[in-house]
Amino acid sequence: MSPQTETKASVGFKAGVKDYKLTYYTPEYETKDTDILAAFRVTPQPGVPPEEAGAAVAAESSTGTWTTVWTDGLTSLDRYKGRCYGIEPVPGEENQYIAYVAYPLDLFEEGSVTNMFTSIVGNVFGFKALRALRLEDLRIPTAYVKTFQGPRHGIQVERDKLNKYGRPLLGCTIKPKLGLSAKNYGRAVYECLRGGLDFTKDDENVNSQPFMRWRDRFLFCAEAIFKSQAETGEIKGHYLNATAGTCEEMMKRAIFARELGVPIVMHDYLTGGFTANTSLAHYCRDNGLLLHIHRAMHAVIDRQKNHGIHFRVLAKALRMSGGDHIHSGTVVGKLEGEREITLGFVDLLRDDFIEKDRSRGIYFTQDWVSLPGVLPVASGGIHVWHMPALTEIFGDDSVLQFGGGTLGHPWGNAPGAVANRVALEACVQARNEGRDLATEGNEIIREAAKWSPELAAACEVWKEIKFEFQAMDTLDK
């Protein structure tokens, strides 16, 4: 029997239920460099003190349970327990608090996003003492970051592989997302790539359905890629969605894509799961494939301000799990995304060191210690009139993806691609000449449209299209 066990045994085991805050609320605790730190938005039930609510979160997401148990005496709770080390009220919200929790690193399996989330956001989100709970941010210590491989390539290596520099990359999601035959699908891919796009994309729910089986789609898309490359002299790609019902089937599809010689595959990382995503990312790393990530199902998890997981946490988890691109919202399109919040998690995806900045929703300083970065993908309800704003907001290290904004062109798919490429080149040139895209954007597009009939036609079609709705997830004032 260890000295520690002997000491506890001599005190005697006291059965019963006690307040969580007696053990798990430790405002005097000084966080360690090796701790995983979490910021939770906590809404306690009426009558539950915020300190008790924060302590309950720390307990239920680490070593605690609802009653004292005899086996507590067989381990060191001080070493392994989570600690709520700070509580602060949320400005402008009644009975809502930010609870800061520190977790010892030994609680987590190395290189496993799955295990990290199972602990931190597992059972605790159904805890009755809380009306609502949201994980706002995580600080991943460098010691834990180093157990992950992360993205296969990183931004600079991807640019080198594609030989594309000095501008955002251009993409298009093939529409309609469901119902096309494989041959017609491949035709649309070819027309878009030939027109000037860098990538085309399977939509998130294109897997292997009766109207288009995955192998047929892969073959016709590969033909489109190689034909468009030969005609344009540019490297092209199509995000072949390898997401499947089993990990084995997913890997079979990724292997076939590699055998075809295409540059990139795709995965729906939330519906597919982090275990599957990490496995696919490791395969892509070993076999020279880029990995595009779609965030299908994210809004179920992150859209409500008081409950769920903020997308900045899901973005950090993806960078750890592995992926070269991930959809990040557009700010200006049809999908949710406030500007400052979006730019906050875009920096968390791309940069190596990000300072704490509550004005952008970043609760902790994050050091990625050279873990490769991820390209944010702006996609959803965007068209040529949005090009100046997108170029200004996201900068060069991004993918701007126009689905309907390419395929909805009145003259067809290839002219739609031409219009987007011309608009992008015009915005990049104007920016490089010192013009302000935020204030002169529309003028820049009109000037370019004078010598591009394809762009002029696109401008006419979408001149009145706007998506002006207030974002659900906003910064605390």
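Counting begins at 1 with the first residue displayed.
Each Cβ is built from the backbone N, Cα and C atoms, and glycine gets one as well.
Around Lys175 (active site, proton acceptor), taking its Cβ as the centre, 16 other Cβ atoms fall within 10 Å, counting all chains. The active site, proton acceptor annotation in Swiss-Prot covers Lys175 (among others).
Look at Swiss-Prot and you will find His294 (among others) tagged as active site, proton acceptor, backed by sequence analysis. Secondary structure at His294 (active site, proton acceptor), as computed by DSSP, is strand.
The substrate binding site annotation in Swiss-Prot covers Asn123, Thr173, Lys177, Arg295, His327, Ser379 and rests on sequence analysis. The number of other Cβ atoms within 10 Å of the Cβ belonging to Arg295 (substrate binding site), over all protein chains shown, comes to 23.
Residue environment of Glu204 (Mg(2+) binding site) contains 20 other Cβ atoms, counted within 10 Å of its Cβ in all protein chains. What Swiss-Prot lists as Mg(2+) binding site is Lys201, Asp203, Glu204.
Look at Swiss-Prot and you will find Pro3 tagged as N-acetylproline, backed by sequence analysis.
Per Swiss-Prot, N6,N6,N6-trimethyllysine is recorded for Lys14, and the stated evidence type is sequence analysis.
According to DSSP, Lys201 (Mg(2+) binding site) sits within a strand segment. The annotation N6-carboxylysine is assigned in Swiss-Prot to Lys201 on the grounds of sequence analysis.
If you look up Swiss-Prot, you'll see Lys334 marked as site 'Transition state stabilizer'.
Cα-Cα distances to His327 (substrate binding site) place His294 within 10 Å, out of the recorded positions Lys175, Asp203, Glu204, His294. Its Cβ taken as reference, Asp203 (Mg(2+) binding site) is surrounded by 19 other Cβ atoms within 10 Å in the chains shown. Taking only the Cα positions, the spacing between Lys175 (active site, proton acceptor) and Ser379 (substrate binding site) is 13 angstrom. Of the listed recorded positions Lys177, Lys201, His294, His327, the Cβ environment within 10 Å is emptiest of other Cβ atoms at Lys177. Neighbour counts of Cβ atoms within 10 Å were taken for the binding-site residues Asn123, Thr173, Ser379; the minimum is at Asn123. Close to His294 (active site, proton acceptor), meaning Cα to Cα within 10 A, are none of the binding-site residues out of Asn123, Thr173, Lys177.
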